[in-house]
Amino acid sequence: MESQQLSQHSPNSHGSACASVTSKEVHTNQDPLDVSASKTEECEKASTKANSQQTTTPASSAVPENPHHASPQPASVPPPQNGPYPQQCMMTQNQANPSGWSFYGHPSMIPYTPYQMSPMYFPPGPQSQFPQYPSSVGTPLSTPSPESGNTFTDSSSADSDMTSTKKYVRPPPMLTSPNDFPNWVKTYIKFLQNSNLGGIIPTVNGKPVRQITDDELTFLYNTFQIFAPSQFLPTWVKDILSVDYTDIMKILSKSIEKMQSDTQEANDIVTLANLQYNGSTPADAFETKVTNIIDRLNNNGIHINNKVACQLIMRGLSGEYKFLRYTRHRHLNMTVAELFLDIHAIYEEQQGSRNSKPNYRRNPSDEKNDSRSYTNTTKPKVIARNPQKTNNSKSKTARAHNVSTSNNSPSTDNDSISKSTTEPIQLNNKHDLHLGQKLTESTVNHTNHSDDELPGHLLLDSGASRTLIRSAHHIHSASSNPDINVVDAQKRNIPINAIGDLQFHFQDNTKTSIKVLHTPNIAYDLLSLNELAAVDITACFTKNVLERSDGTVLAPIVKYGDFYWVSKKYLLPSNISVPTINNVHTSESTRKYPYPFIHRMLAHANAQTIRYSLKNNTITYFNESDVDWSSAIDYQCPDCLIGKSTKHRHIKGSRLKYQNSYEPFQYLHTDIFGPVHNLPNSAPSYFISFTDETTKFRWVYPLHDRREDSILDVFTTILAFIKNQFQASVLVIQMDRGSEYTNRTLHKFLEKNGITPCYTTTADSRAHGVAERLNRTLLDDCRTQLQCSGLPNHLWFSAIEFSTIVRNSLASPKSKKSARQHAGLAGLDISTLLPFGQPVIVNDHNPNSKIHPRGIPGYALHPSRNSYGYIIYLPSLKKTVDTTNYVILQGKESRLDQFNYDALTFDEDLNRLTASYHSFIASNEIQESNDLNIESDHDFQSDIELHPEQPRNVLSKAVSPTDSTPPSTHTEDSKRVSKTNIRAPREVDPNISESNILPSKKRSSTPQISNIESTGSGGMHKLNVPLLAPMSQSNTHESSHASKSKDFRHSDSYSENETNHTNVPISSTGGTNNKTVPQISDQETEKRIIHRSPSIDASPPENNSSHNIVPIKTPTTVSEQNTEESIIADLPLPDLPPESPTEFPDPFKELPPINSRQTNSSLGGIGDSNAYTTINSKKRSLEDNETEIKVSRDTWNTKNMRSLEPPRSKKRIHLIAAVKAVKSIKPIRTTLRYDEAITYNKDIKEKEKYIEAYHKEVNQLLKMKTWDTDEYYDRKEIDPKRVINSMFIFNKKRDGTHKARFVARGDIQHPDTYDSGMQSNTVHHYALMTSLSLALDNNYYITQLDISSAYLYADIKEELYIRPPPHLGMNDKLIRLKKSLYGLKQSGANWYETIKSYLIQQCGMEEVRGWSCVFKNSQVTICLFVDDMVLFSKNLNSNKRIIEKLKMQYDTKIINLGESDEEIQYDILGLEIKYQRGKYMKLGMENSLTEKIPKLNVPLNPKGRKLSAPGQPGLYIDQDELEIDEDEYKEKVHEMQKLIGLASYVGYKFRFDLLYYINTLAQHILFPSRQVLDMTYELIQFMWDTRDKQLIWHKNKPTEPDNKLVAISDASYGNQPYYKSQIGNIYLLNGKVIGGKSTKASLTCTSTTEAEIHAISESVPLLNNLSYLIQELNKKPIIKGLLTDSRSTISIIKSTNEEKFRNRFFGTKAMRLRDEVSGNNLYVYYIETKKNIADVMTKPLPIKTFKLLTNKWIH
């Protein structure tokens, strides 16, 4: 039975179509209608409401649509007669009996004609005493009089009922819903009572007081039909009427029984909630009363657990018992029995008879045998409810996860078995077994099920009433063939093999058990939360644990998919042997193929299509009779439900009829689908499909882009294929009006080939239904195949091609043939087909050695189009091959991820299909095939560049048993490697370069040499061979820990390209015991660095210790160490993978090191990442290829740029001007003029909206008294310099509203008309970011306000005049300004002074010194940006008080109050912010960039590729003089200003990772060469590809006592023109990036150390200013830190030696930095170069390094 909570119980829940009815024990002395006074009033109110709508006209009466029904009349007016009988609603006392009315004696034998069966027919009897309806038929029922009452009439005869007849009786209301039937029955019974028929109403024992007469039965039948239409009757009522349509008495009897049951339950609940006990009655009586109530509620499906029961009992205790409420309330595991023991003890003390009464304390063994979930009796007992159950009662069913259980045993045992659905029970029949009993004979079906959705776990289900499991190996004390049925949600029976106990052993070493049913016919193993609750175990989904009521955690819960799971490792296995299996074994020759297997084999087609195909032999090898179709009707494929989910179906039959007259392949439909995002460069982003109108044959072709030449190539291919293969000529091609089809190139091609293009007409979407439906179908199939197989998304077109092959072979239910048959081709041999994603092993014909494994794991995709082979995807080689040398992989290790009917489920069926094809590993194979691993030239995915999700075998091989890593780790790793190598990779890195496609034909046995990365000084380290040293114990531990990082699974790949090899020890995951290099401890290394004299002329080499952060000075106190750890702890630094061991061959030892010279490059120019190249390996380094970002565009520069030093002798006039005028960046114009928006606007709707906005702005100007309307001035009389030109500007906001603004032309305003000393201040972006960060950490409410027409609130002091608005028509007149109009030079300053004064004087705020437009008081912080305000406070009421004060003076509009606890979205100063208070904040600009970037006219997504980094290292800007004319030069400069303007706006808002590229390109705005434009296009393209990226903040730990402000600094020495250095700084508050800066050093530095000192000195002033702001806004202490990767810089800062400063400038700079660090309490620490996220601010980085440094804080 379903567990119900006390507060969720509804007395009207009976009678639903899905629930059975259980008859319950009913007291005969209680009126079933007398539930409660409140319910009676509610019922009558409902009937009044229902009838009040039917009182006015005849059309609103009870049955208005019947032509025989007339409106009721008063008694004095005779009713109209439309036939031989009176109207059914005009029942009078003295109606005459019509002739022929007398029927047979028994009511059930009344002969009804079809007309008489109508609800409108009512033939009264000769002496009928039925009352007449009043004139207001259908009006609400009046309150019953005392004589009619709310009880049944217990008259002894019919005559007594007839004596007190009322003249008028109101009819019952009409039944309008099955759910209202219980309430309607109550009013109907009252209607019968008022009609003197109370004696025929069944009493509580089911029998009426007297026998019903024929007249009364007819009256009962007709009135029931009139007021209870059949369409609104519940299912159980319809079932009774289907047996006997006149058996209204049975319906009334059952309704009364239900009402009585509900009344008893309600009374019990009320009684239990209002218990009172003070010892005045015996404790025995009180205990009996309470336990009886609880037992009744539990038996009726209302489960009262111990905790609730004890709380209700204790709440009613008073007197001397009241102290139990305070002594027991903390006892969480208290039971009802224990509570009553204390009550008995107090009662015995009160009576003074403790020794004379028996002791009520029971033995623990008695409590264990109690049948309830709590113990409150002295002996176990079985509660049997309703011992007098009638024959027509049904047992209550209990629901599980889509299943429910009911009992089929005799009625005497029914209750005990039903009770077991929610709690442990005491069984009574011979099959009952207690826990611990031995099993003598059993037929439990032990079935191994290891293919759950989440293997090895149980599905937690709150709706399940019973626990069901498929494997019998965990069932204890099992008994076979129990008399219990399992019913799913569709009421289908599922057989149960056995019942037993499921025993748990949890983390706290506690054991418990619940009842479990065994069946192999369910999708998942279900664990009922109701049964766990019965043993005091609950599921906490906030903490994801199973716990007891006292909070003890028992086991974790796993969230997988949409469900929650708990591991089976907590189950105790049974020690019984596997019993006899009940299933009948079917021989191999007669067993049929299961339908789910065929469904998946044939691309998840529907059953009807597959049957048609088998009948018509379009699918060969087996017949329709070979498939088991029993489950086809009810089978639901989860992959189809997920992959093919749709909104609605396309409209069929929408094509024109004339198309049917064409011959095959003369009329084609075509359409393009795409793009598909986040794919590797080699994978297509689009596909184009063709469908023949006559044969319905389909073709699909992949596309990387939608350019004209790409589309033309496909058209050429398809036309040639049809002409040569089918000897047909295409006459017409139907397509939509996309630009890829309407371009001139394709039009000329079709015209040249004599093909008519048929375009869809405007708004005729139905005409293109063939191509659109095909694309939708193929896309559904693609999603389903990928979902089912678990293959990565970049193989999506392989799924499309597989589906096309199958779809062409399936018969159409309409034509009874397949497309292949229509085309004259043979049917598809299904034995040549494999399920998409089937695991296989491919033969490796060219291994490294004879002992190398010959098999490569792969996944079958689709049959080859160019050979007899199969296209197979090989994750380890990152490619697809076309081969016939493969074998199907079977067994557990080949299992895919998603569902339990994947390849493993049908291994035997698959073997039967492919039996005729021998594997290359078969024992009888003699000759080896010659077509080994034929690479498919046709396939676009023949070569896939991927990072497969599988660790390499070299890791497990490198670990020796003597390593310090625990042995368990080796075992787990080896298992994981073997298992992962045969699993489909779930995800793939979409940003892998296209150049690394083919692996080498012969894998080299020589490993690659890791590249050497430059140090902070830009110099290179020489390689001392051998490099490897044995790991110390600490290093081994750290490597082992790092190897477990989930973010970096390819540690060997990273170390080959990103590791710095020096002469210091290198930690290795492999634990190589190389004894040729002496071991150097971390302490000794650190000691050498500390005591070494700092070198000024040349930077010291970087230490590459395995420590993440190494302090440069020896800590003197523990507090300083804690400070360092505290500063570093929350920073979003990358997690470095462990460095793998690298072995170098002997020939390499003889090679001299390769040195790379420095170059002067605008974008880095230092080829340090390629200092060492791969030796003896033809395979190119993936990291080298990732840095070669190539974007295909006809006008883009395709020349291979090399790192060459540019000549310095050439003059660069434009470049010099650009450097001096970097700030001349023009914003993008997004507004319209008056003539563009209104005068010449051809869009009528938009024009009307702009006109409306125009008038709204004019009215606002007049309302604010912007100008003097009393006098107009002549233009000739006013000094021209005091006349300000004005204009209207219009724009459309992102929310869709149209805005108009009247502005002054301040750009041409005369200087004498304003005070140049006034400042128009706005909030600094760093102040806003700081306030947002503090708001997140302190759970502040954020409120956003807007002050309408803010400038107009500020008066203007100067005498200025403007022209009137255009609509006034006074072009020769002037008006004098009184308010600060938008656009004036002084308007901003005037408004700032106005609002500042009001906030300080009226709102009690004060402005933070040094930070303009930041106001604060003790509760609220305000950031002001012109007319936008952002309020921050701990208490939302504080914000509201400020708002109220602002509204008193200004028109203040609340944009976002910020009161919700869920995620709130803001648009603050261009930043799109998602904020959930106390959890996270995300800052981005996706919507803004999506709108603005396309308006720049930059070609986006050329060739469908996505950039992985904004630039590439190793290039410099060729700065030759420009040879272009003046007009073209201005046009390009203007274009650069727009592009760099947008990039700067975005970069300084939140995309700090782009600042280096923005700063570098901004220096070349006035030098718009083709290369500069190409690099700018590349930057905009990257911004477009990553427009969805966000700056991610998470709330700081609440335990942090201090605010931590950190600046991370970096410098690239001499990498800018004229050997200038690039410096960069990133600022973080409590681990959140709040700002960044990248700029070229103002002076030329002579060393790396000097550049680093310059970078740090640039960061200190802003760091101090931010520190002051933070202390003003938040009173917590603040810790300031500086992080740099230059040890020599730190040494100079810490040292007191001034002798080695090379010059005065360098010395003064260093000394000043020393003073700033010491005077401002700054902590300076060292950070590894690989972890220095400020590195992205100073130079272009390889893709992998760029991602590594940024993916922690922006993604």
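In case you wondered, yes, glycine gets a Cβ from its N, Cα and C as well.
Residues annotated as compositional bias 'Polar residues' in Swiss-Prot: 1-23 (among others).
The region 'Disordered' annotation in Swiss-Prot covers 1-93 (among others).
What Swiss-Prot lists as compositional bias 'Polar residues' is 48-60 (among others).
What Swiss-Prot records for 126-173 (among others) is region 'Disordered'.
The feature compositional bias 'Polar residues' is assigned by Swiss-Prot to 127-152 (among others).
What Swiss-Prot lists as compositional bias 'Low complexity' is 153-165 (among others).
Under the heading region 'Disordered', Swiss-Prot lists 352-421 (among others).
Feature annotation from Swiss-Prot assigns compositional bias 'Low complexity' to 402-418 (among others).
Under the heading phosphoserine, Swiss-Prot lists SER416, citing similarity to another entry as support.
Taking all protein chains in view, 23 other C-beta atoms sit within 10 angstroms of the C-beta of ASP461 (active site, for protease activity). Annotated active site, for protease activity per Swiss-Prot: ASP461, in sequence order, evidence recorded as sequence analysis.
Marked as region 'Integrase-type zinc finger-like' by Swiss-Prot: 583-640.
Feature annotation from Swiss-Prot assigns domain 'Integrase catalytic' to 660-835.
Sequence-distant neighbours of ASP736 (Mg(2+) 1 binding site) (same chain, 6+ apart, CB under 8 A from its CB) are ASP671, TYR759, THR760, HIS768. Annotated Mg(2+) 1 binding site per Swiss-Prot: ASP671, ASP736, in sequence order, evidence recorded as sequence analysis.
As annotated by Swiss-Prot, region 'Disordered' applies to 956-1087 (among others).
Residues annotated as compositional bias 'Low complexity' in Swiss-Prot: 960-969 (among others).
What Swiss-Prot lists as compositional bias 'Polar residues' is 1005-1015 (among others).
Taking the C-alpha positions, the distance from ASP1427 (Mg(2+) 2 binding site) to GLU1652 (Mg(2+) 3 binding site) comes to 41 Å. In three-state terms derived from DSSP, ASP1427 (Mg(2+) 2 binding site) belongs to neither a helical nor a strand segment and is classed as coil. Reported as a whole number, the C-alpha separation between ASP1346 (Mg(2+) 2 binding site) and GLU1652 (Mg(2+) 3 binding site) equals 44 Å. When the binding-site residues ASP671, ASP1427, GLU1652 are scored by other C-beta atoms within 10 Å, GLU1652 scores highest. Within 8 Å of the Cβ centroid of the Mg(2+) 2 site, not counting the listed residues ASP1346, ASP1427, ASP1428, the chain contributes LEU1345, ILE1347, ALA1350, PHE1425, VAL1426, MET1429, LYS1453, ILE1455. It is 50 Å from the Cα atom of ASP461 (active site, for protease activity) to that of ASP1428 (Mg(2+) 2 binding site).
According to its DSSP assignment, ASP1685 (Mg(2+) 3 binding site) is coil. Mapped onto DSSP classes, the region 'Integrase-type zinc finger-like' (583-640) shows 22 helix, 6 strand, 30 coil.
Across the fold, the C-alpha of GLU1652 (Mg(2+) 3 binding site) and the C-alpha of ASP1428 (Mg(2+) 2 binding site) stand 39 Å from each other. Of all the binding-site residues listed here (ASP1346, ASP1428, ASP1685), it is ASP1346 whose C-beta has the fewest other C-beta atoms within 10 angstroms. If you measure from the Cα atom of ASP1610 (Mg(2+) 3 binding site) to that of ASP1428 (Mg(2+) 2 binding site), you get 36 Å. Every protein chain shown contributes to the tally, and the Cβ of ASP1610 (Mg(2+) 3 binding site) ends up with 29 other Cβ atoms within 10 Å. Model confidence over the region 'Integrase-type zinc finger-like' (583-640) stands at 76, taken as the mean pLDDT rounded to a whole number.
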